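Swiss-Prot has this to say about the protein:
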DOMAIN    18-53  domain 'EF-hand 1'
DOMAIN    57-85  domain 'EF-hand 2'
BINDING   ASP63, ASP65, ASN67, GLU69, GLU74  Ca(2+) 2 binding site
DOMAIN    87-122  domain 'EF-hand 3'
DOMAIN    128-163  domain 'EF-hand 4'
REGION    131-136  region 'Calcineurin A binding'
BINDING   ASP141, ASP143, ASP145, ARG147, GLU152  Ca(2+) 4 binding site
Amino acid sequence: MGNEASYQTELCNHFDQEEIRRLGKSFRKLDLDKSGSLSIEEFMRLPELQQNPLVGRVIDIFDTDGNGEVDFHEFIVGTSQFSVKGDEEQKLRFAFRIYDMDNDGFISNGELFQVLKMMVGNNLKDWQLQQLVDKSILVLDKDGDGRISFEEFSDVVKTMEIHKKLVVFVEHGQEDLKA
């Protein structure tokens, strides 16, 4: 993992050195096989993610090198987006990337369907979910191109103040992550 103290300046993240030290301790606790990276199974040990149907998408976004695991560098960069000191734009971009599965800068009808399906499971029939997706695209797609841009997404999500809910607290004296 290297010297945790160097990560603050190296990564331009929003954590101070003490927070990075505590995150390092949490990371090592999660890294059961001591490989220096977290598998999806190890990542799922975070209580906040155990019941989250989007955990796979979160890991995909954290895993910037695409190797299927999250190393300490990716862990710090990923969790830094949720720091109380993180800016609204970063949090909105993260939320957008949950839906933008192919990372092309737009949320398509199919991508919205896939992500919502992860969230609702079998609670809605596919045709009901598709109606919801179609209506959402119709309402959110201001330029009429059939997909949702980051700007269109942000216009709606900003009014919900979701960025204030996308926060990780690194508490003093407690080594667990809180979301």
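Every residue gets a Cβ built from N, Cα and C, even glycine.
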Residue counts (helix, strand, coil, in that order) that DSSP gives for the domain 'EF-hand 3' (87-122): 24 helix, 2 strand, 10 coil
Euclidean distance between Cα atoms of GLU69 (Ca(2+) 2 binding site) and ASP145 (Ca(2+) 4 binding site), Å: 35
Rounded Cα separation (Å) that holds between ASP141 (Ca(2+) 4 binding site) and ASP63 (Ca(2+) 2 binding site): 29
Binding-site residues compared (ASP63, ASP141, ASP145, GLU152) - the one with the fewest other Cβ atoms within 10 Å: ASP145
Per-state residue totals over the region 'Calcineurin A binding' (131-136) - DSSP helix, strand, coil: 6 helix, 0 strand, 0 coil
Mapped DSSP class for ASP141 (Ca(2+) 4 binding site), helix or strand or coil: coil
GLU152 (Ca(2+) 4 binding site) and GLU74 (Ca(2+) 2 binding site), distance between Cα atoms, whole Å: 28
Rounded Cα-Cα span from GLU152 (Ca(2+) 4 binding site) to ASN67 (Ca(2+) 2 binding site), Å: 31
Sequence-remote partners of the region 'Calcineurin A binding' (131-136) [C-beta within less than 8 Å, at least six residues beyond its ends]: 109, 112-113, 116, 124
